Amino acid sequence: MSKSGVLLNSFRQFSSKNVTPKVCVVGAGPAGFYATQQILKVKPEAKVDILEKLPVPFGLVRFGVAPDHPEVKNVINTFDKIAKDDRVQFLGNVDVGKDVKIEELKNLYHAIVLTYGAEYDRTLNIPGENLNNVIAARNFVGWYNGIPCDKNLKIDLSGEDAVILGQGNVAIDIARILLSSVDRLKTTDITSHALEQLAESKVKRVWLIGRRGPLQAAFTIAELREMLKLPNCKTFWRPNDFTGIKDIVANLARPRKRLTELMLKSLDEAPHDKRNFDKEFHPIFLRGPTEFIGTSNIEKVKFSVNELEGEDLLKQTAKATDKFEDFPCNLAVRSIGYKSKLIDPNIPFDVKSGKIINSDGKVEKGLYAAGWVATGPMGIIISTMNNAFKVGQIVSIELDLSEDKGGYLDLKNLLNERGINVVDYHGWEKIDHEERKRGKSVGKPREKIVEISEMLKIALN
Amino acid sequence: MALRQKVMAFSRAMVPQTISKSALKAARSDQSALIFRRLLSTTNPQAQNKEVSVTFIRASGEKIEAKGKVGDSLLDVIVNNEIDLDGFGACEGTLTCSTCHLIFSKEDYDKLPEKPTDEELDMLDLAYDLTDTSRLGCQIILSEELNGLQVRVPATINDARS
Ligand SMILES: Cc1cc2nc3c(=O)[nH]c(=O)nc-3n(C[C@H](O)[C@H](O)[C@H](O)COP(=O)(O)OP(=O)(O)OC[C@H]3O[C@@H](n4cnc5c(N)ncnc54)[C@H](O)[C@@H]3O)c2cc1C
Ligand code: FES
């Protein structure tokens, strides 16, 4: 190495030693918090700023996880610790892509980690999808969980039959909420507007309809077991859906085996189950939606009768036959998955799969993606966590500290100049406090505030 | 007094009936009872409880020795000893996450006094690197017989680095 090269090199080493690594995380859901945690672990001298579109943090832990599953939300205690770390700043009410551009963030930070989740829903693109009371799962969940834009969702629960298209855990959550007694829900943090409407609900039967068979069912066993034990509700299976399954169940790998065994057990026990029930849960397999039918309101959903094809039993795909079956209903909820949106034209994005183009979390130099926006809307918090840990580690290792960056102070100035009311973590704590207070007076852990303007008023006061 | 007995004595005081072992087990699988018990076990300041030593072995082979008390869960041991395992115990022992997954030797697994409930097995089904001798750490309660126990912590991102 030439003398000047050595000099330059040692200069770089010297200078980068004094540069504080500054990382910007976009989206305050599980991926954002877990990535932050990992970055601080690998680079204890780093500073991490978490930008969040809403005035309130925690993403789908607040707005997705069902109100009757409060234990799942215990992860918030970990997130709370992370947010209160001196090296971390929470900047709520900052809509990245709109209030500040990715290019601008690139100038202010050594690395950016995009963890803005998957907030949009997939459509089926079949006729009748716009009929009244054909509702996206995302909006239904947002309605009972208090996502501000879903507070006025128009939903009619005056009919007895609800069809849910899709059989994932989100579909099960919705089925459970529709089939639960109000007594079971009224002590949760479900929104009061949803509780009021559910109290008047006439829904008696929920049809949970999937395109493939029991061996490909997407729900997991804990969620199914909960449905089977739901008070005042009985589960009905169609024996034909299980033809041949008994013979192969012994050869399946454990999780699939236990899930399938539980379905078979429930199928066998159903005739002897003498519990009282008013409500019915009907998982239906091998039916693919082809049309929503009705004049202005949904009246029935038309399904093709499907067959399975493919060698690998667990990965078989559905193929429509020329037969059809109709399911009359007064409400149809489409629960076939979420997808992400491009928030800034400078992010490489695959519109078809609805996620950011990345390789193991890396998008390009200094730009990374983790969680649902990177992996697609798959899996549970633990899978999001593992992904975010991995990406957080790569970010930390690859940090290029050859120049100093403006970070938090410069960003704060920029946002101030633009008139953005940034909600810091203390602001969120005020909202949190108010929500708990309102909840207490009605016997709930919290009463979520669903107006952004009201959140801001409390936080910025 | 061992914590288990204490819980029993406490429950006896509350409910004037003898509580059989199976009833206690039933109560344990009830979540509120579980949380209550955890609260007791983590906040109980009394030190007379017998110490039990446990060794956690990371996927990298690194051994971490820790001490717990009779009545503590393995999750309590990790929390109380501030053992740095990323993401461990995310749901705080409420049987809704599987991040407290631990792997036992066949011998120890068979020796554990309480067999996993369906609910524990359901959560384990979602765990990474599931084995036939896997259990959830928040469901394993230390007894004197478990002194010297060695358990493996399945590979996490944490170990991949070292
Ligand atoms: C209905 C439902 C129920 C679920 N229930 C469970 C469960 O019981 N147990 C379980 O383990 N998992 C559950 N999951 C899965 C779990 O929620 C996800 O694994 C996890 O939340 C994904 O984390 P994430 O951080 O990638 O995304 P998210 O949680 O969606 O977080 C993304 C964050 O980014 C913010 N954001 C979006 N756009 C912008 C922008 N332009 N600028 C700044 N911020 C932005 C969002 O507001 C949000 O806060 C559920 C998911 C759903 C949809
Ligand atoms: S800590 Fe979540 S299941 Fe044990």
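From the backbone N, Cα and C atoms, a Cβ is placed for every residue, glycine too.
Just so you know, TrEMBL annotations are computer predictions that nobody has curated.
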Binding-site annotation, TrEMBL, NADP(+): partner of A:Q167, A:G168, A:N169, A:V170, A:R211, A:R212, A:G379 in A:E200, A:E223: A:E223
Binding-site residues in contact range of chain B, given that the Cβ distance is under 8 Å, out of A:E223, A:W372, A:I380, A:I381: A:I380, A:I381
Candidate nearest A:V96 (FAD binding site) in space, where candidates are the binding-site residues A:Q167, A:V170, A:R212 and distance is Cα-Cα: A:V170
Secondary structure of A:V96 (FAD binding site) (DSSP, helix/strand/coil): strand
PLDDT averaged over the residues of the domain 'FAD/NAD(P)-binding' (A:22-183): 97
Cβ atoms near A:I380 (FAD binding site) (within 10 Å, other residues, all chains): 16
In sequence order, those binding-site residues of A:Q167, A:R211, A:R212, A:I380, A:I381 whose CB lies under 6 Å from ligand 1: A:I380, A:I381
